[in-house]
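Undergrad: To start, I am sharing the structure in question, which I have written as structure tokens.
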Amino acid sequence: MRISHSFVQPGLLAQALTHRSAGAPHNERLEFLGDALVNLFVAEALYTRWPKADEGALTRARAELVRESALAPIARELELGGLLTLGPGEMKSGGHRRDSILADALEAVVAAIYLDAGFEVCRTVVMPWFEAAMDALPPPHKVGKDAKTRLQEWLQGRQKPLPVYQLVAESGEDHAKTFRVSCTLAQPALVTEGEGGSRRAAEQAAAEAALGVIGAA
């Protein structure tokens, strides 16, 4: 995937791809504008896709799509890392691979397209970059919520006792431990187990298993 826009003002793209470590003019101001544009484009798309979703679900979904760890893979697909202008220190330390620098550059590129061609062209160019991530979102009632939160909300909504998590087993070397945790529900009477590389991950797996049994996954 490449940037499909042909710039009338190529200097805007050059600036968008220039990190502050390389000196001025760098991309921080463009990043500021691009952040606002990405948030607006994604919010508008979610509003259209999910006509019955409440504000909370829309907000959580937008946060999932515009966070650094979501933007950096898009920047990699666009091969922005190889186009960045970095200072010697950043270049030596692998800045062209760093999530934060890539995400910032992506936002700056969005702003550069907007300033070069306007709102409608920018939206048309940019939104396809987010299609795969949007398609992969869970349903509105699940988005942004982990399994333990969803299980707790399901039980509270039915005025049932909260689950109890207990460590069942712990194995492996210190650097590669495996934890097994049980999740016990009183109503409905149910015990599930989950494994993970941390106790938290095992609790999440046990909660996910419980959600599957009660039909709330």
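For all residues, glycine too, the Cβ spot is worked out from N, Cα and C.
What you see is a predicted model, and the numbers here were worked out from it, not measured in a lab.
Found this in TrEMBL, in case it helps:
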DOMAIN    1-118  domain 'RNase III'
BINDING   Glu31, Asp104, Glu107  Mg(2+) binding site
ACT_SITE  Asp35  active site
ACT_SITE  Glu107  active site
DOMAIN    146-216  domain 'DRBM'
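For each feature listed, report its degree of burial, its nearest neighbours and the pertinent distances within the displayed model.
TA: Within its own chain, Glu31 (Mg(2+) binding site) has Asp104, Ala105, Glu107, Ala108, Ala111 as residues 6 or more apart in sequence whose C-beta sits under 8 angstroms from its own.
Counting only same-chain residues six or more apart in sequence, the Cβ atoms lying under 8 angstroms from the Cβ of Asp35 (active site) belong to Val66, Glu107. Reduced to three states, the DSSP call for Asp35 (active site) is helix.
Secondary structure at Glu107 (Mg(2+) binding site), as computed by DSSP, is helix.
Per-residue confidence over the domain 'DRBM' (146-216) averages 91 (mean pLDDT, predicted model).
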Undergrad: Starting from the Mg(2+) site formed by Glu31, Asp104, Glu107, give every other residue of that chain whose CB sits within 8 Å of the mean position of their CB atoms, in sequence order.
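TA: For the Mg(2+) site, the extra neighbours are Asn27, Glu28, Leu30, Phe32, Gly34, Asp35, Ala103, Ala105, Leu106, Ala108, Ala111.
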Undergrad: In the domain 'RNase III' (1-118), how many residues does DSSP put in helix, strand and coil?
TA: 84 helix, 2 strand, 32 coil
